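*Asks:* Relevant sequence annotations retrieved from Swiss-Prot are reproduced here:
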- Pro84, Leu85, Ser86, Arg87, Gly88, Leu89, Gly90, Ser91, Ser92, Ser93, Ala94: ATP binding site (BINDING)
Amino acid sequence: MVITVPATSANLGPGFDTLGLALNLRNEIEIVKSDYTSIEIYGENAEYLRTLKRNYFVEIFMDHYKNLTGKEDSFKFKFNNKIPLSRGLGSSSAVIIAAITAAYEMAQVPYKKDRIINLALSYEPHPDNITPAALGGFCVAKLRKNRVYFLKKFIPTYLRAVVVIPNRTISTQKSRNALKAHYNLKDIVTNISSASMITAAFFSEKFEILRNVVEDKIHQENRMKAVPELFKVREIALREGALMSTLSGSGSTFFNLAYKDDAYSIYNVLRDNFKDFTIKILQFDNVGVKVYN
């Protein structure tokens, strides 16, 4: 069995812990029953991951597989990772969604993706990454009484993501610690109206309006101070035609939405200005986690 799962970009500026979308940058995991458990890791951060005593995917997979079957079988796991760690591209959510899905598939127990999303809450209490990782597309998600409610919209093929991946990380915990304890009403209203406009733009496919309505007063500015070059990234991307330019999750990656024809000029200028950063043009993923048997 082979399972693939996409990277995700969450928050999208003002949509804190609520908005997210899936990118066509995928981790792939091959799982085969075996006489003994073995793990092979290739791709992004492979050398670091090989040094860890515990494998997060394997632990989650085995827990759910045992719960579903009552068995403690052995498996060969082969990872080919393309999602970088700790860069705000949903690497943890990708692991969680893929592991739970793989357990159900290997146990041959029927499931729906909303079941996978809600099980994932045990490991990731914020639904903005886990939902698009499971479903693909642009997702709006709300957590209420330990249940995720969500809506999904397919992202048109004429759009691209230009992602800027810095050469250093921003710790998610440190990013959350940088948040204020209290916010004034004006800032809260700004975020509500901006997040609402982003949602309406994606569902109506009227993306031009994004150039004028994306504004965050809750988290971005403080988090971006950890990688101050990101302020220049945003300035250049918007100048070169990006529809919106926001921190991806808690960072350090910066997400830029653009029309396909504008993406290449944005990419070229950013690449010339930030030679130590990794710049990628990515299509969007409308499928989410996917299994090949």
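Any Cβ shown, glycine's included, is placed from N, Cα and C.
Not measured: the values here are computed from a predicted model.
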*Asks:* Taking 8 Å from the centroid of the Cβ atoms of Pro84, Leu85, Ser86, Arg87, Gly88, Leu89, Gly90, Ser91, Ser92, Ser93, Ala94 as the cut-off, which other residues in that chain fall inside it around the ATP site?
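*Replies:* Same chain, not in Pro84, Leu85, Ser86, Arg87, Gly88, Leu89, Gly90, Ser91, Ser92, Ser93, Ala94, Cβ within 8 Å: Ala7, Ile83, Gly249.
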*Asks:* Using a 10 Å cut-off, grab the number of neighbouring Cβ atoms around the Cβ of Ala94 (ATP binding site), all chains included.
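*Replies:* If we count other Cβ atoms within 10 Å of Ala94 (ATP binding site), we arrive at 29.
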*Asks:* Which residue, of the binding-site residues Pro84, Gly90, has its CB surrounded by the fewest other CB atoms within 10 A?
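*Replies:* Sparsest of the binding-site residues Pro84, Gly90 by Cβ contacts within 10 Å: Pro84.
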